[in-house]
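Taken from TrEMBL as is:
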- 1-83: domain 'C2' (DOMAIN)
- 94-211: domain 'C2' (DOMAIN)
- 281-497: domain 'Ras-GAP' (DOMAIN)
Amino acid sequence: SGSSDPYCVVKVDNEVVARTATVWKSLNPFWGEEYTLRLSRGFRSLAIYVLDEDTIGQDDIIGKVSLSRQQISAEPRGIDSWLSLAPVHPDEEVQGEIHLELRVPKQGHPRVLRCHLIEARDLAPRDPSGTSDPFARVSCCGHTLETTVIKKTRFPHWDEVLEFELVEGEPGEAVLSVEVWDWDIVGKNDFLGRVEFPLDTICTTPTKGWFQLLPFPSTTDTLGGQLGALRLAVRLVEDRVLPPHYYQPLIQLLTEPILCPGQPPAGTALAILEEVTSGESRQDVATKLVKIFLGQGLVVPLLDYLTTRELARTTDPNTLFRSNSLASKSMEQFMKVVGLPYLHEVLKPVVNRIFEEKKYVELDPGKMDLSRSRRVRGDGWGGHSGKRISFKGSLSEAQVRESSLELLKGYLGDIVDAIVGSVEKCPLLMRVAFKQLRRRVEERFPSAQHEEAQYFSISGFLFLRFFAPAVLTPKLFSLREQHADPRTGRTLLLLAK
């Protein structure tokens, strides 16, 4: 069809840790997905693979982006850029470690290099069964020896010693190479990884331990961006979490203006925090504040404190809470933390129906597809026979607009009815916070001409920052496991608007 169905797989040290949704029929997919990964101290690399999902056969690998720990650590503020996709070659896709002991005894003539191959672990699966048939091949000074093949395992245990006679004048620049292969009865053996050691190092110091298997050095060009590029934002943060009592002075400082409201408001820690946070860090600060104050049972007073300060600075009620201030971001995070189960209960039935029905909806004349066939799901009476009816000729613009309006009104009516009828299901904390907000706005703008401001302030949060974004991108609110296809995505966009 000239397009792909792309998705991404995230690997840390060759272990899959995340998978994005599939974006159907697109060469310019947008995911907008964010993952927080807890990493071990010794992690080495992060790789993102872009694949094309196929309903028949294996998914095709389009390309990958690899970042070493050093590359990520070198950018304290994080990497945020377009990175060209590199081709993926099977011989470079290796994983796992090998356990070796290498030594050259001091006595004896001629000198002998003893290579004890103990075991390997977490090797790449190369057979359809999800395992491999691994053996090790050791090369030194022009000679090659192999271990036995261990069948159907990714964790082979050889416990074999291979010996190489060293010629006088060695080692010089010589190296010992250990390669691991998957034995195949038909066709070529598959490469599983390798590791090399300078011979002079082994002669002076015995070497023993687990060693990471590495790919063959790449001999291919990176195709210079021909595979496309991936926009990534990656940041490595090292958090040291101390026992709770270490944080008590900080918590006291933050909660002081709420527990002791008599002090000058401009000099409090919260006020200073509000002044110094920039736009990009405000989301992080708001998230952490909401969690801290939820833990202290003070989240509603926190929101009241922040919104009251913003109200004091606002002269025009029409601009109230429209900026991404600390108050707005804190209220947004509060709704996500406290209200996500409620959001699911209200929206999920309607959102699921929109995804399942896949109706064609379009109001923009410039985007209408008038020469299309209508798909009828079922037999018209609630069945599911999946019939398809084609209409000869083109539909008129008015017909498409009329049917689209009817569909949108139907969906929107169901969404609004679900929200209006959900008062008793709305979390108590949210209701208390909005009640307090309404009272503060009424106090700030008491005149009759601004009577609606108290309701607009609530709907600005509840609809613009809670329900509408969830309708627009259900995947980001865990309402669906996959992103919408283009047709359903257009319906959701028009509904959110």
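Each position is counted from 1, following the chain as shown.
Cβ atoms are placed via backbone N, Cα and C, with glycine included.
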Secondary structure tally of the domain 'C2' (94-211) (DSSP, helix then strand then coil):
6 helix, 59 strand, 53 coil
When the domain 'C2' (1-83) is classified with DSSP, how many of its residues are helical, how many are strand and how many are coil?
5 helix, 34 strand, 44 coil
Overall pLDDT for the domain 'C2' (1-83), taken as the rounded mean:
86
